[in-house]
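Per Swiss-Prot, the feature substrate binding site maps to ASP47, ARG48, THR49, ASN83, THR84, ALA85, LYS164. For CYS82, CYS194, the entry in Swiss-Prot reads active site, proton donor/acceptor, with the evidence type a curator's inference.
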Amino acid sequence: MKTIGILGGMGPLATAELFRRIVIKTPAKRDQEHPKVIIFNNPQIPDRTAYILGKGEDPRPQLIWTAKRLEECGADFIIMPCNTAHAFVEDIRKAIKIPIISMIEETAKKVKELGFKKAGLLATTGTIVSGVYEKEFSKYGVEIMTPTEDEQKDVMRGIYEGVKAGNLKLGRELLLKTAKILEERGAECIIAGCTEVSVVLKQDDLKVPLIDPMDVIAEVAVKVALEK
């Protein structure tokens, strides 16, 4: 059984939620059948979106430092419950010997398996500007639909003034509003492309499937950890 390493703190609530989902998705009948999980919750990692938009400190030194600590502690592979941090995944991979399983790569595979051609993306402006979703999804022939500039302001408010600030009601209201707009424009599924989105949006909220990368990576992590 392999040990899962979670590079967390981006944000703390999303990190706790990923751990919860790993536990729930593990087909265990007793404690001893669960994989070992090492969580490094490092909320001091600089804001990823601010850096991508040229307004903040480079998060890579802290991301790499945290990944190295997970490796030293015995993690066999690393996952990150932060979509925007995946813009730096190659930099982290080069600095460590253990693999990072990319949440975005795994989500692209899942959407392809489900047969969707147009996916609406709810994510931070940093994630959208970095192009990480377009890059991975284009490999599988899936078009990424993003909100307009004004709609994206609502998404960012929902994430930062809503979920990250502990105001889940505001976060849910703003994110659901934008999800429904993308749905009306022809999105065949909605990607919860920021872990704060998956904290407040649920499948029952939408007519089209809600694809949650946090669910996808939790399932993949459990599968890899339990492989003989």
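Every residue gets a Cβ built from N, Cα and C, even glycine.
It is 8 Å from the Cα atom of THR84 (substrate binding site) to that of CYS194 (active site, proton donor/acceptor). Spanning the residues ASP47, ARG48, THR49, ASN83, THR84, ALA85, LYS164 that the record associates with binding substrate, the maximal Cα-Cα distance equals 16 Å. Long-range Cβ proximity for LYS164 (substrate binding site), meaning a same-chain Cβ under 8 A and a gap of 6 or more residues, is found for GLY11, LEU13, GLU196. Neighbour counts of Cβ atoms within 10 Å were compared for the binding-site residues THR49, ASN83, THR84, and the top value is held by ASN83. In the three-state DSSP assignment, the secondary structure recorded for CYS194 (active site, proton donor/acceptor) is coil. In the three-state DSSP classification, ALA85 (substrate binding site) falls within a helix.
Put simply, ASN83 (substrate binding site) is 6 Å from CYS194 (active site, proton donor/acceptor) when counted between their Cα atoms. Within the same chain, residues at least six positions away from ASP47 (substrate binding site) with a Cβ under 8 Å of its Cβ are GLY56, GLU57, PRO59.
By neighbour count, meaning other C-beta atoms within 10 Å, the densest spot among the recorded positions ALA85, CYS194 is CYS194. DSSP assigns ARG48 (substrate binding site) to a helical segment in the three-state reduction. Taking the centre of the Cβ atoms of ASP47, ARG48, THR49, ASN83, THR84, ALA85, LYS164 as the substrate site, the nearby residues of that chain (Cβ within 8 Å, site residues left out) are MET10, CYS82, THR124, GLY126, THR127, CYS194.
For the pair THR49 (substrate binding site) and CYS82 (active site, proton donor/acceptor), the C-alpha distance works out to 11 angstrom. Around the Cβ of CYS82 (active site, proton donor/acceptor), the number of neighbouring Cβ atoms within 10 Å comes to 26. Neighbour count (other Cβ atoms within 10 Å of the Cβ, all protein chains): 25 for ARG48 (substrate binding site).
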